[in-house]
């Protein structure tokens with residue numbers, strides 16, 4: 001039965017959406033041009049990232065039995081808005097130096113990577129928020145991630161690919177701190193926070209098709225996740241959510257170290273570690289965070305993205321130290337590498353708290369507990385309409 005008295009978003013969502021799109025269009029009129037010279041290499045990367053953002057993340061969170069429409073639909077809404085906003089923020093940061101920005105495939109790749117970071121953060125609060133919350137959250141997250149990326153490149157001269165691979169860590173901890181600040185008082189196990197067999201299969205399909213270049217790591221993490229899931233279950237059965245988390249964790253962990261792998265076995269070892277951490281995190285860390293810190297993580301984002309992302313970042317550090325011939329150079333690189341991570345964590349945590357404070361305002365009409373994790377609070381179902 002559809003939840004009664006669900007708060008209408010008619011006076012919130014359409015005005016905000018139309019206002020943002022109007023501002024974006026006017027901004028593009030005055031400050032953005034299109035470049036007609038594109039690199040084939042970046043076009044291939046754009047295709048991979050585009051599929052990951054608009055298909056992978058949408059299906060990743062469809063495991064909730066009564067929240068499939070919202071999981072995929074809200075992911076589309078957030079991703080489409082975040083891509084436009086990322087281009088605007090990029091242009092604002094480079095406006096004093098370059099003037100009008102020329103839109104290229106490379107800039108679109110960066111915009112979609114920024115959108116991916118906001119979708120990671122969205123996974124923490126999914127089901128407990130409305131689309132207005134998610135839009136505002138994505139605006140804050142994309143602005144923070146883009147600014148952090150610009151600071152790392154400008155002040156610390158961090159390479160583009162390395163600063164971009166921090167998106168998993170930034171999005172995960174931003175979302176965790178937003179959820180903690182919101183303090184949504186949902187009981188440890190909400191009655192509607194359940195997985196569906198068919199939707200879990202769609203979710204698993206999305207993870208398998210996200211990243212092909214990390215095949216070995218994801219293969220090992222998948223096997224590891226299944227083994228840990230069987231060991232942790234009193235009846236010795238496999239949990240599909242553990243499998244999907246483990247597969248993705250292997251890809252996340254190897255992402256930051258992909259350019260420094262000397263041998264294939266290193267990727268496999270990273271996948272093994274990520275699979276163990278992710279599966280155990282989903283089983284033990286997620287409920288512990290909710291009970292002790294009142295921080296609810298719907299999609300186990302900390303275990304799937306945050307912890308494996310930090311693991312991959314330190315693996316890259318150890319590989320660089322192992323290949324260094326000078327102790328002085330090794331120490332300097334370690335300090336430099338850890339500083340980059342600490343700046344990213346500080347930025348994501350601080351902005352996440354600020355965003356949580358903003359989202360707690362009653363003006364955004366947050367859903368009540370009994371209406372969480374339910375598509376019928378936001379979507380139309382003609383076959384369930386009452387006939388008069």
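The backbone N, Cα and C atoms fix where each Cβ goes, and this holds for glycine too.
The model shown is predicted, which means the values in this text are computed figures rather than measured ones.
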TrEMBL annotation of transmembrane segment - which of the ranges 240-258, 297-315 it falls on: 297-315
Tertiary contacts of the transmembrane segment (297-315) (same chain, 6+ residues out, Cβ under 8 Å): 60-61, 64, 120-121, 123-128, 165-166, 168-169, 171-173, 175-176, 179, 193, 241, 245, 248-250, 252-257, 266, 270, 273-274, 277-282, 285-286, 289-290, 337, 341
Paired segments the transmembrane segment (16-37) and the transmembrane segment (75-95) in contact, 3+ CB pairs under 8 A: yes
Among 49-69, 132-152, 164-182, stretch most in contact with the transmembrane segment (107-126) (C-beta, under 8 angstroms): 164-182
Distant-in-sequence neighbours of the transmembrane segment (265-285), which means Cβ under 8 A and at least six residues beyond its ends: 214, 216-225, 228-229, 232, 241-242, 245-246, 248-250, 252-254, 257, 300, 302-304, 307-308, 311-312, 315, 319
